[in-house]
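Straight from TrEMBL, the features:
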- Lys119: active site, charge relay system (ACT_SITE)
- Ser194: active site, charge relay system (ACT_SITE)
- Ser218: active site, acyl-ester intermediate (ACT_SITE)
- Leu168, Ser194, Val215, Gly216, Gly217, Ser218: substrate binding site (BINDING)
- 73-539: domain 'Amidase' (DOMAIN)
Amino acid sequence: LLLRWRRRRALWRKVAEAQERQERSLVRMEAVVQRFREQHPSVSMASIVSLPLPELSRKLRDGSLPLDHVFYAYVGKALQLAIETNCITEYLQESESQVRKAKLMEKQGLLYGVPVSIKDSIDCQGHDSTLGFIKNLNKPAAEDSVVVQVLKRQGAIPFVKTNVPQSLISYDCKNLIFGQTRNPLMYTRTPGGSSGGEGALVGGNGSILGIGTDVGGSLRFPAAFCGICAIKPTGKRLSKRGVMSGVVGQKAVAAAVGPLAKDVESLALCLRALLSEDMFNLDSTVPPLPFNEEVYSSTKPLRIGYYETDFFTMPSPAMRRAVRETKQLLEEAGHTLVPFELTNVDYVIFNYCVRGMFADGGSSFVKKFKGEMEKGGTGLFFWLAKAPHWLKTLLSWIFKPFVPRLSSIIRSMKENTVDEVWSLHHEIEDFCHQFIAQWKKLNLDVMLCPMLGPALGIGYPAKLSVAVSYTMLYNALDFPAGVVPVTLATDEDEEQLKGYKGYYQDWFDRTLAKAFRGGVGMPVAVQCVALPWQEELCLRFMKEVETL
């Protein structure tokens, strides 16, 4: 008991030190912004942060906007958002000297002078990538991740790191070190996760461009919940060197690095910058595919597949309406919309996603929590991963008649043999080819899909792991998928929620109905999907949806 008490005290000391560092970061931000304001009292910071990224970038490159004006305007706005939503974990103080150096640069990259926020799990030299784990504190990265190196070579200025849920295996945003991040549009709602700090900061205008990761919707949830845009590229389109993962080594569900921004044009500008020779030279496992301008700027009418539900997670009235209204606008604009029938999503979620990510029975996931004081929003998965096989089998059998989805999750978390893992990977490949065959039979260019929304209340994602079905499908398939906000939840949507039953009418469905409630006025997005390696077509479709 004494040893345990001493260990816990040492952990609390590390947490307190990290929180003091976070506080010092905010104090530093306040000091530099105050000094800048005193030196430049006539600069309108509000007008700078209201500029869209393409225009801001143009003004920075032609010299009509000084770099330091833009930088300190965003530091000031980011500080405000950090106080309101608790989205920032650390201020990258070296960004101040980067601004000074950038002024002397002869070659100006596509993101010259643009302040960029970086998710906690993406390495920045000299700073921790904690994933919300105490054990990762005071272990600064030896070098920048490839994506951060490329951003810097393109002239961008990474200036803050942002909060994540513990382990990243959650679409809320809370950990024991830095606490809960709130949605900037409504503080009682989650900003989404695991790139939740990014969603809150970009959604509240505190950053013009953010970089996050996605293994089940971790870019798309924050974007949809905070009313901004994001794209999850094909897993290997952008480098993941120096990017920490929630479940290391698993290959069943593809993770990806991607940008979040206020509009689609900003996402396109970011991908143009990242898909450069620098990226391909720094990481030769990334295919040398530069950004295809011709595809992105094409105006030919699209043939678009669509569905309103996956028959696994019943869409909220606002989600259904978002797809219907977008479909109608696309048809009126001259595009062809074709119904697409999804089948066996339950099998995909349980057998490919849950079983694929926890193919070792969850033992590597459990190891990550060793010596930690809290299990964050992953309680169910953590508890199941620790349970012996016989208990999982028994519980799966007991729950099957009452909560069949919980029974399936338990059954999916058994330990697999190597042979079973190989068979699973082969099965996922077959599923991907069948999905593409169905897509090509309908001669589709892209797909319009629902996106979970409006933002759930804080704490609900931990109880609703099953609600990732709309996003995680495209990680299992490894298709590029982006989100665009298209509407706001209305009083009528709220009224219709009273009749929300769900497809299983189980505890999960009843909890999801409660989680949706009270979201009037919050943004609701749709998901835009393309075939692998067709990020430019995905962005072109997103741009069309955004414009309409």
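Each Cβ is built from the backbone N, Cα and C atoms, and glycine gets one as well.
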When you measure from the Cβ of Ser194 (active site, charge relay system), which residues in the chain that are at least 6 apart have a Cβ under 8 Å away?
Lys119, Ser121, Val164, Pro165, Leu168, Ile169, Ser170, Tyr171, Cys173, Gly212, Thr213, Val215, Ser218, Gly246
Using a 10 Å cut-off on CB atoms, tell me which of the binding-site residues Gly216, Gly217 is the least crowded.
Gly216
Take the Cβ of Lys119 (active site, charge relay system) and count every other Cβ within 10 Å, whichever protein chain it belongs to.
28
Over all pairs within Leu168, Ser194, Val215, Gly216, Gly217, Ser218, the annotated substrate binders, what is the largest Cα to Cα distance, rounded to whole Å?
11
If you count other C-beta atoms within 10 angstroms, which of the binding-site residues Leu168, Val215 is the most crowded?
Leu168
Over the domain 'Amidase' (73-539), what is the model's mean pLDDT?
96
Compute the mean position of the Cβ atoms of Leu168, Ser194, Val215, Gly216, Gly217, Ser218, which form the recorded substrate site, and then list in sequence order the other residues of that chain whose Cβ is within 8 Å of it.
Ile169, Ser170, Tyr171, Gly193, Ser195, Thr213, Asp214, Leu219, Phe221, Gly246, Ala255
CB contacts for Ser218 (active site, acyl-ester intermediate) [other CB atoms within 10 A, all chains]:
34
